[in-house]
Amino acid sequence: MRVRRRAVAWSTALAAALAVVVVVSAGIGPVRIPPAEVLKIVLNAAVVPAGVEFGTAGVGPLALPGVEFAYRSPFAFPVDDVHRRIVLLVRLPRILLAALVGFSLAAAGTVMQGFFRNPMADPSIIGVSSGAAVGAVSFIVFPVALSTTLTLPLLGAVDVGVSYGAGVSLFAFVGALVAAFGVYAIATRHGRTPVATLLLAGVAVQTFLGAVISYLQLRAGESLRRIVAWLMGHLSGAAWSEVAVAALVVPPLFAVLLAYARDLNVLLLGEEEARGLGIAVERTKRILLATSALITAAGVAFAGIIGFVGLIVPHMLRLVVGPDHRILLPTAALSGGAFLVAADTAARSGTAELPVGVVTAAVGAPFFVYLLMNREVYEL
Amino acid sequence: MSGDVGPADDATAGVAAADDTGDGDAADRPSAGGPLVAVRDLTVSFGDIEAVSGVDLTVERGTLVGLVGPNGAGKTTALRAITGALEADEGDVRLDGDPTSELSAREVARRVASVPQETGLSFDFPVRHVVEMGRTPYLGRFDGHDAEDAAAVDEAMAAAGVERFADRSITEVSGGERQRVLLARALAQETPTLLLDEPTASLDVNHAVATMELVRDIADDGRAAIAAIHDLDMAARYCDRIVVIAGGRVRADGPPADVLDAAAVRDAFDAEAFVGRNPATGTPAVTAFPRSEVDSRRVHVVGTGPDAARVVARLAAAGHETSLGVVPEGDAAAVAAADASARVVTVPPFAGVDDESLAAASELAADADVAVVVGGDGGYSDGTDPYRMDSCDRIAGAVERVVEVPSDVAGEDLLAAVADATA
């Protein structure tokens, strides 16, 4: 019970911090907008369903044929219309996508570090990032595939159209899952997946996929610049449709991870001891792996490879709240969201926009060195 | 220590109550009677190597079984197979009547708790949290710890004596403290059976005894425990039964006094041993010696007191067929000779050596390949009794070969002297 109270208190505080970061970030850019105005713009945009009408063509985010939801906006603060457009159409989708991606990567990183009993593990360790990169890069290099593959029903729930960006995301997502499944299949013998084998299989697959990426880059020609941008991580040009997909995919996956937080604690004892305490080890590992792979894939599909978030944020939070995943998992995820929003704000507020991956790596690598110097690293 | 242990009824009531609230696994309810653990014809191999072959082991309620044997004998493998952590190649393991292979990890964890030698935990959880993990088999996915869980955890921590450092990190406590934390965690599981792998290996004497007393109490409460133990004296002192395992097979199984003899130790551990009595507890006390590889001889020992006792023990351990005399009844050497099943001629205390006993001793000596006289005069002389000096000479005179050893003779020198004399 004490644990639950602590988890709720920490999560509430960090959710509030994330909200503050989002609001402040939305005001930062070539056009400065005070946080108070940002808040008014956001509140103005908030709608509540006020009724249902039948017969007319549907409009709005929950449009269904023949059914129309009536919306009412409870707030009507006077705001600058240009500012409103900047915040709602340009900055907010990007910021919210950053928050969701950071949230996913930090959550997956926390789980992977617990799963591998190694604070230096991160979500890419099971090949997810390399797989996503191969998927995205091959789509960028051979965009011909567009017409044949975008009939996949995955993004059908949301009307994203057959855009180039959606194609990259879709290929990245599928590539991530294929790579993760490949690593899992290589490491599994007779229904058992030893963690050490999984780690090595991940390294092998990452190395191989790295070669594939290098080869594709050589063949890329004109699109090389786009590939480099994707590989370094990017959030520019984020659309509301991407935010919507991420917002639909991430929370349920996170809920699954959270439900396994206590099992993850017990798994830290080692598999045999965990089994002795009643954990169905292999099944739990499969669920954790699959869920982490999905949640990571959802993140990298939209934002490219953003390093260090999944590595550093869980580690920092472990130093603050301790190793108990019931507290660590929600706090690390929320902090990951806030961290990536802040990093992306820094990336776009300079004179020339940087890929966000450059900022996270530039902040992350020194922190990594700091951890090494302070002997916070456990032996592999 | 036993005062710290919760009453038997509480512990068993805890298990029963947890079963009632369990998710419908009615089969989980312990059946009355029947062994708690029944291992039949168990074979476990790692690759081509059979770590355990054809092991049978039955553990009834209320018993503490000690698993002894040399390193690599298969003790830990047998324990791991009982929990289902290792799959049996042949044979089966039944927990309270049900085969382990048919039970879920959760059901197994409600029937058997293990105390491993070490834990892989390297994240700094507080000790209390580690003990709380023992409640895992009773918690649903979204349950928090309730009052019953908290009580079980408190009781387990008190019993294992880890409350003092409950809030310290598991990575900061000493090896012995860590081992007690693992014991507390297993106690919090409130299982009818407890498996312990070297529970006293890294404990100081006080905590080693406290741990064994605690396990003894658990067995006396009608639960059961199996402990792999290297300390044979500890095993003899606390266990109802000793199972000797060597080379993956059960070599002996029975009460400590029946099982722990020199031959069993020689057979299982490939070491020479003298099995005496612990004067404080009256249980077998095993003293092992390095293997000497000497040819077995008939040796008659002349001497009294602790020095002669040492000589008798070492000769017997080396496999010599030993006899002793004349010594007063109750003399240290006489006790050692009795423990080594050596023939001995005694006289009542303070009675002096009479002709009859002298003749009997001379006869034993005459039958021997060599006589060993301890301390030059066999310790007979107090410098005032020429008759006693004479008796030493008369017994030794019955043998062709006589070896005189000083009273503080080292074991190797003694064996070498006997070997030289009979070469």
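Including glycine, each Cβ sits where the backbone N, Cα and C put it.
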Given ranges A:15-36, A:125-146, the stretch to which TrEMBL attaches the annotation transmembrane segment: A:125-146
Recorded stretch that, among A:95-116, A:125-146, A:198-218, A:325-342, has the most CB pairs under 8 Å to the transmembrane segment (A:238-260): A:95-116
Ranked first among A:95-116, A:166-186, A:198-218, A:287-313, A:354-373 for CB pairs under 8 angstroms with the transmembrane segment (A:325-342): A:95-116
Ranked first among A:95-116, A:125-146, A:198-218, A:287-313, A:354-373 for CB pairs under 8 angstroms with the transmembrane segment (A:166-186): A:125-146
Listed stretch, out of A:95-116, A:125-146, A:198-218, A:354-373, that has the most CB pairs under 8 angstroms to the transmembrane segment (A:287-313): A:95-116
Non-local residues, at least 6 beyond the ends, that sit with Cβ under 8 Å of the transmembrane segment (A:125-146): 108, 112, 116, 162, 164, 167-180, 182-184, 198-199, 202, 205-206, 209-210, 212-213, 216-217, 219-220, 223, 226-227, 230-231, 289, 292-293, 296-297, 300-301, 304-305
